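First comes the structure, then the notes that go with it.
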């Protein structure tokens, strides 16, 4: 029997090897995707708009490792901590992939004893989520963060962060949007006056945070059923979290008999009033909404929190615009750096994170619908020849252009047909063709053809670079 078993196992092993050859699965891991040249071109546009806004506001750029010590990340994200990717212990360190760019930034500040910085950081982060990729949610995705660290007068940096969100969303022309703002202190004060025990603040907070996705009834039953909150307390919370408005609502809540007695809530409302005054000066209050249901589930927020949401009209007959999800979020986190500092020194921080993936999926859908042709290269000119045996001349000319910083291409054939060369320009959107021919070489000129109009002009070789620059700016 042993002999037969050994024989069968050997046969199975051989079969297994063969199977492996045929059954190679070609796919990206769950929750990830490839970006082809077309998608990358759209993506670059979005990144450029975001980064130029960050730079306009005086931010420096930093980068941090893609993984951190596991202990750096634990305990900073509340209920979301279960989504952290842990790596195998290699070399005696327990590591995790970064979950966001905020905690690494706080670690960086504490480690380098920096107490004052305005920085931006664009990089990939990782979440062990079950993602809805159609809505731009992934396990690996980019975040674009802008943060102001330092001790400043209240609400000035916070107002600037909101101005940046407004700037970027207007610049990207994504359609109508609203930026919801709230304050953790108002939330905590509200929980206290509604009778939520201290120990349940954070967990009730993450329930409230679901209000933009599910109706109040569901949130209420989660609070009472799963989280053990008394029905009375839940109903009191319900009266507040369904309120939203502007300065008038802040004034009203400052007069609220219960809230105005709570020190935290009063502080938060006072700062919120100040914030709205600054936002009025920036001229952006039309897009800002004070919303008591905004909670943002992360544990590290301590003050103002905000979230930008895109709206779209289903059709003209709908009064209420429908939300298509959050595209930016952030807030104030004054205690995070202190968690890393051996002496517990605090560095107040406020920051915003732009959700590039969701923005990108909207831009992608829009471009598909518009059928606009997207260029995937930036080539300004194709170096071409009209006759045979001119490869050396093309190589000489293209080298001159490259050395002068001109983006140029040529076809990799010794004797390409002129028609094929012109067709290549049509296909890839190259605006100009520099044609070398025997007569042109004798005369010391290059024939420059404008692809769109088919107009041709002779340009002296020494003036070619300047002419290409002028023409490219016009195209």
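Cβ atoms are placed via backbone N, Cα and C, with glycine included.
Positions annotated as L-histidine binding site by TrEMBL: 100, 101, 102, 127, 143, 147, 296, 300, 301. The domain 'Aminoacyl-transfer RNA synthetases class-II family profile' feature in TrEMBL is assigned to 31-363.
Most Cβ neighbours within 10 Å, among the binding-site residues 102, 143: 102 holds that distinction in the structure as shown. The binding-site residues under consideration are 100, 301. Their Cβ neighbour counts within 10 Å are lowest for 100. Across the domain 'Aminoacyl-transfer RNA synthetases class-II family profile' (31-363), the model assigns an average pLDDT of 89.
Put simply, the two farthest-apart Cα atoms among 100, 101, 102, 127, 143, 147, 296, 300, 301, the recorded binders of L-histidine, are 21 Å from each other.
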